[in-house]
Every structure is written in structure tokens, then in C-alpha cells.
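To start, the structure itself, in C-alpha cells.
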Amino acid sequence: MKLKDTLNLGKTEFPMRAGLPTKEPVWQKEWEDAKLYQRRQELNQGKPHFTLHDGPPYANGNIHVGHAMNKISKDIIVRSKSMSGFYAPFIPGWDTHGLPIEQVLSKQGVKRKEMDLVEYLKLCREYALSQVDKQREDFKRLGVSGDWENPYVTLTPDYEAAQIRVFGEMANKGYIYRGAKPVYWSWSSESALAEAEIEYHDLVSTSLYYANKVKDGKGVLDTDTYIVVWTTTPFTITASRGLTVGADIDYVLVQPVGEARKFVVAAELLTSLSEKFGWADVQVLETYRGQELNHIVTEHPWDTAVEELVILGDHVTTDSGTGIVHTAPGFGEDDYNVGIANNLEVAVTVDERGIMMKNAGPEFEGQFYEKVVPTVIEKLGNLLLAQEEISHSYPFDWRTKKPIIWRAVPQWFASVSKFRQEILDEIEKVKFHSEWGKVRLYNMIRDRGDWVISRQRTWGVPLPIFYAEDGTAIMVAETIEHVAQLFEKHGSSIWWERDAKDLLPEGFTHPGSPNGEFKKETDIMDVWFDSGSSWNGVVVNRPELTYPADLYLEGSDQYRGWFNSSLITSVANHGVAPYKQILSQGFALDGKGEKMSKSLGNTIAPSDVEKQFGAEILRLWVTSVDSSNDVRISMDILSQVSETYRKIRNTLRFLIANTSDFNPAQDTVAYDELRSVDKYMTIRFNQLVKTIRDAYADFEFLTIYKALVNFINVDLSAFYLDFAKDVVYIEGAKSLERRQMQTVFYDILVKITKLLTPILPHTAEEIWSYLEFETEDFVQLSELPEVQTFANQEEILDTWAAFMDFRGQAQKALEEARNAKVIGKSLEAHLTVYPNEVVKTLLEAVNSNVAQLLIVSELTIAEEPAPEAALSFEDVAFTVERAAGEVCDRCRRIDPTTAERSYQAVICDHCASIVEENFADAVAEGFEEK
């Protein structure tokens with residue numbers, strides 16, 4: 001037997017290298033085979049419910065890192081709730097209708113207008129479901145637990161029926177109406193868009209300054225006067241029917257020197273406009289308030305059949321332009337509102353493809369709206385005063401990335417204005433984890449217009465509306481519920497397969513159809529109505545979930561998207577918000593803080609991370625960032641997170657190895673019988689348990705990450721485990737000192753594994769497989785550890801906090817001695833302490849082997865005053881010299897008692913007593929040489 005064999009060196013097959021890319025799929029298959037998700041739900045039956053309702057990602061392509069961050073965050077929350085006494089099922093979902101899928105099929109060569117519509121919809125459905133399957137595997141590969149075999153998908157018959165019923169309730173309450181308001185119109189997708197489908201980009205446009213001649217000045221202006229107008233959308237002049245001024249803005253009547261004409265502009269802008277128009281010298285003839293100009297009549301710049309009325313509008317400012325804007329009610333919301341109030345014609349001169357129509361005039365007909373500027377300039381002639389190119393923020397179609405226009409077309413609307421205050425009142429009842437989120441959603445609802453819910457597309461849920469022979473729209477409870485039942489049985493494609501009369505209840509009559517003839521609506525619903533109905537299609541209809549949901553968690557863009565549409569439909573139907581809490585996340589940016597895009601080549605695919613690092617590293621990264629704001633991710637950042645993971649793993653490996661001979665049922669030492677330092681670590685660990693449990697409850701992942709890493713690095717690695725080897729390796733295998741420390745090791749190991757499970761389930765299960773005395777076969781079926789309190793814990797914490805200060809001072813003294821070449825390692829030191837009474841009392845109170853805690857070979861507490869050469873602090877001073885004696889071959893301490901024993905071992909007296917007591921045969925035979 002060799003002397004080293006008398007050491008209790010930790011033994012374990014738990015590998016240092018995780019091998020996550022290879023092992024994770026193996027674990028995931030084992031969980032699936034064991035039906036772990038279902039078993040967890042069965043365990044929690046009857047407990048308080050917690051419903052995190054999954055916002056559906058769009059089913060198109062593989063998931064990106066933003067999807068991963070969101071789904072991992074949800075998984076951490078659901079897992080932690082499941083392990084905290086809640087019944088917390090998770091039903092993943094997908095959004096499957098809409099233009100992107102139509103675009104994919106178009107790129108694949110499918111010609112929608114040349115094939116049977118039902119066949120086309122079948123292709124859309126098949127493609128959508130193939131993408132659901134693809135993303136399902138992507139999410140499962142992240143280790144996300146949920147009811148993956150029974151997700152919700154917005155194209156299924158049960159979901160579509162639930163959506164129709166949401167619409168029906170809104171129709172019954174009078175919230176659905178048809179109007180010809182201007183809406184965001186995407187010529188590139190030939191459809192109206194909702195606000196949530198708009199994104200803003202910089203656009204360079206031609207802006208024109210031109211003048212309308214006064215036709216009837218109403219006794220205020222002469223007919224040789226011109227009102228100067230500014231526009232950034234020249235094509236809309238073809239539909240201009242008025243000029244809008246600000247009632248309280250001051251305007252001046254001016255005449256430039258050498259110019260026969262007189263002009264009206266905002267007084268505040270005269271100087272800048274004079275420079276722009278080349279007016280070297282201007283005479284101000286008169287000043288008017290805007291309200292004095294009301295109802296003056298001007299000529300259209302070129303259409304002699306059109307008069308343009310001067311009207312008042314609150315939206316006019318003097319921030320730019322001339323303080324006067326032309327008003328085309330068919331091409332803008334503000335224009336429409338003031339135009340309707342003043343009985344102006346709502347003219348629309350651009351078709352659904354962005355092409356100028358016949359009513360724009362023969363010179364314009366057939367041109368694309370963006371290309372008409374030269375024609376407009378030609379038509380304006382000498383009425384054009386200036387033109388310039390400007391860059392401004394402009395709305396784009398979020399899917400096609402093309403600019404959109406405002407365009408008045410007949411559409412179906414949800415009248416948000418009718419129940420706006422109800423929605424605002426409900427927002428006040430919701431808990432927002434970011435106060436700015438509440439303000440943002442509140443202001444969006446407060447300021448938004450009515451919701452355009454119709455779309456001129458085919459791949460979506462049809463609007464369940466019929467038309468009588470006289471054109472009356474029919475959307476009554478009887479017909480809508482009948483459609484819902486048909487969809488429930490056959491799916492929404494039946495709408496396109498059957499004639500209108502076959503979609504109506506048998507025997508249905510209507511006074512507007514004396515001949516019994518009916519037509520059906522051909523528009524579909526906005527996809528935000530699809531996902532915005534999920535509270536009904538899923539949360540209400542799935543018995544395992546509870547409505548309102550406890551939590552909605554999505555990206556911050558969903559304040560204008562899913563948070564918004566869900567809120568509107570839920571309040572419209574039931575008068576309550578669909579969620580009790582909202583937690584929003586920022587966007588994942590690259591390592592430099594730039595937006596990720598394929599064109600820049602700075603994207604990170606979750607699959608690449610899984611191959612290089614493993615999903616665990618991505619999961620740990622999610623907790624390492626403040627996801628309430630935008631976050632950064634790169635392979636370098638993930639490499640740093642991987643190092644943190646390695647530190648966590650190897651710390652826990654040390655605990656596994658050094659409890660391999662510990663049977664908790666037989667070897668646990670009662671708390672009251674622990675050493676003071678062991679009690680301290682037990683209490684500190686329970687502080688960590690409380691911090692992490694509270695942070696899980698508040699969804700504060702970064703708090704968990706910081707607290708866990710700090711505990712492992714500072715409390716364990718830099719302190720407790722730093723001197724642990726002197727106990728667990730050196731002392732007798734069954735000695736009290738070793739069992740005391742193993743008791744703490746095992747307690748921390750088991751509980752920290754449970755605490756890690758929601759974040760690192762693969763690693764936690766791997767650790768759990770080495771804990772043979774734990775009864776649950778999977779750690780995911782266990783509960784998070786409860787927070788314990790202990791007698792005198794505050795007193796113990798105070799004592800050890802003071803000792804840590806003392807230890808820090810001692811380490812500085814040792815470092816100085818090391819720098820002065822007095823010692824090499826700290827075990828070579830003889831440390832002499834010169835304490836005052838406070839420190840002396842402290843060292844007695846810790847009731848421990850202080851030399852062992854400081855990892856020095858010898859420690860003396862001196863009674864005499866410190867010498868001049870001592871390193872002094874306020875309460876204590878230190879001197880360091882090389883310890884006397886020889887190095888013990890067993891414990892490596894320098895000890896005066898170290899000597900060669902009769903059994904061929906050079907060891908100290910302490911090690912000799914351990915060896916002689918525990919290894920009598922080896923002592924009798926003598927140890928082998930090293």
C-alpha cells in the first residue's frame with residue numbers, strides 16, 4: 001500500500017468534460033420515453049394553477065436566437081413553477097396564416113390565381129404544418145418541456161371555430177362595422193395592413209412647395225393671392241380636396257419684390273421659406289390668424305373642375321413645410337378626419353397595386369404612384385415654388401419591406417373607440433414587470449384608431465359575413481355560430497368549397513333577400529385577429545389552463561402586436577384582460593450591439609450553438625443577461641458563458657466525488673453538532689436558496705445567475721472548498737470532522753442541483769444520476785428546496801462576516817510575504833496574529849482551526865504588541881515567517897513533528913495518528929515507496 005492510498009481522494013465517474021452536444025439528445029429521448037412532462041403534470045394535479053400562455057411564433061423557417069431566448073425563458077418559468085407547488089402545464093403554439101406562406105409558395109412556382117382555391121389552401125396548410133414540425137424539433141432540442149404532441153395551431157378546426165366565436169361576440173355587441181376609411185395599404189402585397197404589420201425605415205422622398213390660387217377669398221384675401229402648400233407625397237395632389245391651416249397659427253400675406261403675385265405662409269416660417277424660394281426682399285402686407293382663413297376657396301393646381309376649401313385642423317404645425325398642408329381625404333387619417341368634418345370628397349386615385357387610376361387624370365393614368373413626380377411638376381408649372389429631396393421615417397410593409405401608402409378602401413373594422421375606456425381600465429389591473437411597458441401599451445390603446453380586421457388575401461380565416469340581395473351585411477348570432485360549427489367540423493376551407501346558401505343555417509331568411517339569394521364575404525381576417533383570439537382558442541378551451549392567463553411573455557414588439565390584439569378581443573368579449581401579468585423582452589443583438597441580419601452575416605443560429613457548445617450554454621446565457629432590454633450574443637460571449645458553466649460543473653463534480661462514500665441516512669451530522677464554519681456555510685447556502693426561489697417567483701433570471709455564480713466562486717471555491725481538502729482528504733474516512741463537512745457538501749449538492757434544474761435540466765439530470773440515495777428517478781420530478789432558518793443564524797452570519805474581513809487582511813499579509821520571497825505557497829507560512837480584544841474575541845467565537853481556514857501550516861495568536869515591521873490594520877497586525885519543521889508527505893503541511901516513521905512514512909504526528917488508527921495492516925507491513 002502506498003501512503004497516498006490513505007488519503008480520501010474523491011472518486012467519481014462524473015466527467016469533467018460535459019460533451020453536451022452529444023449527450024443532450026440522449027437525455028431528451030430518455031425524458032420523452034419516460035413521459036416526464038406528463039408525469040410532472042400528474043404529480044401537480046390539484047395544486048394551484050399557473051398558466052403561462054405561449055405567444056405563437058410564425059411557422060416559417062427554423063427558429064432564430066430570439067425565438068430560443070423567448071422559449072427558454074418560458075421553460076425556465078414553467079419548470080420553476082412546477083417545482084414550486086404549482087400545476088403549470090405548457091401548451092406551445094404556432095401562428096400559421098398570412099402572407100409569408102403565400103410568398104413562399106409563390107417563390108416555389110405556385111401560381112395562386114391559376115389554380116383551384118381549395119387546392120391552393122391545401123398547399124398552404126401542408127407547408128405551414130411542415131414548418132410547425134420543423135420548429136417543434138428546434139424547440140425540443142433546446143430542452144423545452146411542454147405538451148409537444150398536443151400544441152395549438154391557428155389553422156386547426158377547433159381553433160378557427162373559437163376565433164369565429166370571438167368575432168361573433170364582438171359583432172353581437174356592435175363592435176364590427178364596415179367603412180371606407182384610409183388604412184395602411186400595401187401595394188406590394190395588395191392588402192390592408194394593421195399597425196402591428198408596419199415598420200419604419202428612412203426613405204428619401206421628393207417634397208414640393210407649390211401654390212393654390214385663391215378663387216373666393218371671402219372678403220379676406222384677393223383673388224390674386226396664392227396659398228403656399230408643402231407635400232412629401234406629390235401623387236396625392238391628384239386627390240387633394242382642401243387646404244388645412246392651424247386655427248391658432250399666425251399667417252402672413254406677403255409680396256416678394258419683383259413678383260406680381262401675393263402669397264400666404266406661416267409667419268414663423270417666412271424667413272426660411274424666403275431663402276428656399278429665392279425671395280430676396282419680401283413685403284409683409286397683412287397678418288391673419290388661421291381661423292380667419294377658414295372656408296376660403298382655392299383652385300386646384302390643374303384640375304379646373306375641383307375647388308379646394310381652406311379648413312382648420314389640429315394636426316397642422318410649423319415644425320416644417322409652410323404651415324399649410326393640402327388635404328386628400330382618401331390618402332391620410334388626419335386628412336380623412338378633417339375632410340369628413342368639412343364634407344370634402346374622399347377621392348382615391350391609386351389602385352390596389354399602386355397604379356394611378358383613370359380619375360387621377362389622363363396624364364397620370366397607368367403610372368406607378370412613386371413615378372409621377374415629373375408629371376406633377378410639369379402640371380404645376382409656375383405654381384411650383386421649390387422642390388427638394390428629404391430623408392424621413394416612413395412606414396413599410398414588415399413582410400415585403402416595401403413602402404406603403406394610406407388609402408381609403410371599404411374595409412371591416414373593429415370599433416376600438418366604443419370600448420376604449422374599458423380596455424384602459426383593464427390595463428391598470430395588469431402587473432407589468434417593466435413600468436415603461438404599461439405606459440407604452442396604455443398610450444397605444446389610448447391613441448390608436450379603430451382596428452382594420454379585413455385582409456384582401458386568401459390564406460387565412462374568412463370573415464363570417466354574408467350579404468343580402470340588397471347589399472345588407474348579415475352578421476348575426478345565428479349565422480356566425482352556424483359558421484363556427486361548420487369550421488369546427490370541416491375547417492375553414494369549407495367557406496370556399498360551398499356557396500353562401502349552403503353555409504347558412506337551414507331555412508335562414510332575410511328581408512333583404514326576397515329571392516333567397518345570398519353572397520359571402522371574400523376577405524379574410526387580419527392574422528393578428530388569429531393570434532389575438534388564442535386566449536379563447538387555447539386558454540379558455542383547454543381544461544388544464546386557466547383564464548385569464550397568469551402570464552404573457554414576449555418580445556417588446558408585441559405591445560403593438562399580440563399583447564395589443566389579445567387585449568382588445570378579450571375585453572370586447574368578456575370585459576377582462578387575457579393576462580394578469582406581462583413580461584416583455586428586448587431583442588437579441590450581435591456582440592457589437594448591432595441588429596442581426598442575414599445580409600450582414602452576423603446571425604447566430606441556435607443549431608450552431610447546440611453543435612459547438614450545447615443547448616445548456618444557450619440556456620445559461622439567457623439567465624446571464626437582462627432580457628428586459630436588448631441583449632448581446634456572439635460566439636465569444638457564449639464562450640465566456642461556457643467557462644462559467646465549466647466552473648459550475650467542476651465545482652459540483654468536486655462535491656459528487658467527495659460524497660461518494662457518504663450515505664445521508666447513516667452519515668448525516670445534525671446541524672447542532674456541526675462545526676461553526678459548517679453551520680455558517682449551511683446558513684449562507686440557505687440565503688442562496690431564498691434568493692433563487694424569490695428570483696424564480698419574480699422571473700429575475702439575472703439575479704439567479706449572479707447569486708449562483710457568486711456563491712460558487714466566493715463562498716465555495718474561494719473559501720469553503722479551498723480548505724476542504726485538509727479535512728475530507730486528510731481526516732479519517734469516518735471521522736466526525738469529515739462527516740460534518742460531507743453533510744454540508746451533500747446538502748448543497750442535492751439542493752443546488754434542484755435549483756439548477758429549471759435552467760440546466762440536462763446537467764441537473766446527469767448529476768442526479770450519480771445521487772443514488774435520492775428517491776425520485778428524475779430531478780425534474782422533485783421540488784425546489786424549501787428555505788430553512790436556524791437558531792442564532794444572524795449571530796453566526798455576523799461572526800463569519802467579521803472573520804471574512806479578518807481573513808482578507810491575513811491574505812494581504814501572506815501576499816506581501818510571498819512577494820518578498822519569505823514564502824512560496826501559503827502552507828509554508830507561520831502566521832503570527834497581533835489582535836486587539838475585538839479580533840481576539842472573534843477568533844474564539846469562530847471556534848475553528850483558524851490555521852486550517854487560512855491554509856497556513858502554523859498560526860500563533862500573540863499576546864505582546866506587534867513589532868514595527870508587522871503589517872498593521874485597524875484591529876489587527878500580522879507577521880509572516882517560514883514555518884518551522886519539514887513537509888508532511890501526507891497533508892503537505894510544514895510541521896515540527898514531521899519525521900520518518902517506522903513504517904516508511906515521513907509524516908506529522910496528526911497524520912500518524914490517523915494512519916495508525918485506520919490502516920493497521922499497512923503500518924505493520926510498512927508502506928511502499930512513492
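Cβ from N, Cα, C; glycine included.
The Cβ of E554 (L-isoleucyl-5'-AMP binding site) has 21 neighbouring Cβ atoms from other residues within 10 Å, across all protein chains displayed. DSSP gives E554 (L-isoleucyl-5'-AMP binding site) a strand state. Look at Swiss-Prot and you will find E554 tagged as L-isoleucyl-5'-AMP binding site.
Marked as ATP binding site by Swiss-Prot on the basis of sequence analysis: K598. In the three-state DSSP scheme, K598 (ATP binding site) is classed as coil. In sequence order, the list of same-chain residues 6 or more apart from K598 (ATP binding site) whose Cβ falls under 8 Å from its Cβ is empty.
Counting every protein chain shown, the number of other Cβ atoms lying within 10 Å of the Cβ of C908 (Zn(2+) binding site) is 24. Reduced to three states, the DSSP call for C908 (Zn(2+) binding site) is coil. Look at Swiss-Prot and you will find C888, C891, C908, C911 tagged as Zn(2+) binding site, backed by sequence analysis.
Here Swiss-Prot flags 57-67 as motif ''HIGH' region'. Outside the motif ''HIGH' region' (57-67), and at least 6 residues removed from its termini, the chain residues within Cβ reach (under 8 Å) are 94-96, 98, 100-101, 104, 128-129, 131-132, 134-135, 138-139, 153, 555, 587-588, 596, 603-607, 609, 618, 633.
The annotation motif ''KMSKS' region' is assigned in Swiss-Prot to 595-599.
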Take the C-alpha atoms of E554 (L-isoleucyl-5'-AMP binding site) and C891 (Zn(2+) binding site) and report the distance between them in angstrom, rounded. 56
Comparing the binding-site residues C891, C911, which residue's C-beta has the most other C-beta atoms within 10 angstroms in this structure? C911
Summarise the motif ''HIGH' region' (57-67) by DSSP state, stating how many residues are helix, strand and coil. 3 helix, 1 strand, 7 coil
Can you tell me the three-state DSSP label for C888 (Zn(2+) binding site)? coil
Enter the number of other CB atoms within 10 angstroms of the CB of C888 (Zn(2+) binding site). 24
Could you pull the average pLDDT for the motif ''KMSKS' region' (595-599)? 82
